[in-house]
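Here is the structure we will look at.
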């Protein structure tokens, strides 16, 4: 829930004003809701009226919805969408790592791409990750580093409280810049890809809904506080990544923390993507590695692919925005609401149906707007 996107939230407020604060709260509620309905699609009632876990993955849900068309069509669509989004996320971490190293050590005569290769070398042990337990420990460290970053930025902002002014907020905004803000805010909450695996790994799956409520609630509080204090501190001078506004001595410290966070964040999407690919190739259970050599080959190939794309893909940021507008919106809003309507239609109340349809329409509009903005940016660059 607390990704690198969070660092762009103050910049999002710059372009969205008071509506940005509302969007942070609304996005938390919507992403929490779609997470719940996605997990609801994993369960069916047995003859005694008890809920049992009839499906294990996002792929299983999709296949159940599309079984009348094709037994595996839905799963293929979901797997391709998931892998594309996860690959792009892993590449983003490599690109960000190279950029952060370049800015942290500007006097070292090394190019940004070379720094990305150096960061890549530190990620080679990911080839040997076999269980989610290892990934969860790395994610805990990642969360700790993230809170250090947030603490440093907020603490500095509080020392500048004397210059805060609510006049920095504005009611009007440019529509295109507002759409960019919507994308940053919404995708700072997305985690739906990992939820089926997470819920299935919990000791007490019955506590999942409560966990989701509390995590999104605290994420909303933290993001609002962070974005608000940073924007009130720098106002119109707020930069796209808020750490660029910090004094040089703090900026270097925070950049190194961000580098650590990026490297610790890489294993989660890497593990999820390789599990999907390995499962599709071997037609086997995700956690049952019947062929260790095949598993190592899949992980090694995936690791190398992310490096090559990070090194040689031009205008990656724009391509990331384009793919994110399609895959991010689909996995977070479109598919959960669509699947929930398909599998639970007869048991849903009128209000629940309206909620699912509204989320689907909102997700479609966000995706369409993001695609238009990204294509426009690509045309301007290549033009």
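Residue numbers in this text run from 1 along the chain shown.
Just so you know, glycine gets a Cβ as well, placed from its N, Cα and C.
Automatic prediction, not curation, is the source of TrEMBL annotations.
Taken from TrEMBL, the feature domain 'Amino acid transporter transmembrane' covers 2-375. Positions annotated as transmembrane segment by TrEMBL: 20-43, 76-95, 115-132, 144-166, 178-198, 210-233, 253-281, 293-312, 318-339, 359-379.
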(request) Using a Cβ distance cut-off of under 8 Å, indicate which of 20-43, 115-132, 144-166, 210-233, 359-379 has the most pairs with the transmembrane segment (178-198). (result) 20-43
(message) Is the transmembrane segment (76-95) in contact with the transmembrane segment (115-132), using at least 3 Cβ pairs under 8 Å (sequence separation of 6 or more) as the test?
(response) yes
(request) For the transmembrane segment (144-166), find every same-chain residue at least 6 residues outside the stretch whose CB is under 8 Å from a CB in it, and list them. (result) 2, 6-7, 222, 225-226, 229-230, 232-233, 235, 242-243, 246-247, 250, 253-254, 257-258, 260-261, 264
(message) Applying the under-8 angstroms CB criterion, which one of 20-43, 76-95, 210-233, 253-281, 359-379 scores highest with the transmembrane segment (293-312)?
(response) 253-281
(request) Could you tell me what the rest of the chain brings near the transmembrane segment (76-95), counting residues at least six beyond its ends with Cβ under 8 Å? (result) 4, 58-59, 61-62, 66, 116, 119-120, 123, 193, 262-263, 265-266, 269-270, 272-273, 276-277, 280, 302, 305-307, 309-310, 313, 316, 319-320, 323-324, 326-328, 330-331, 335
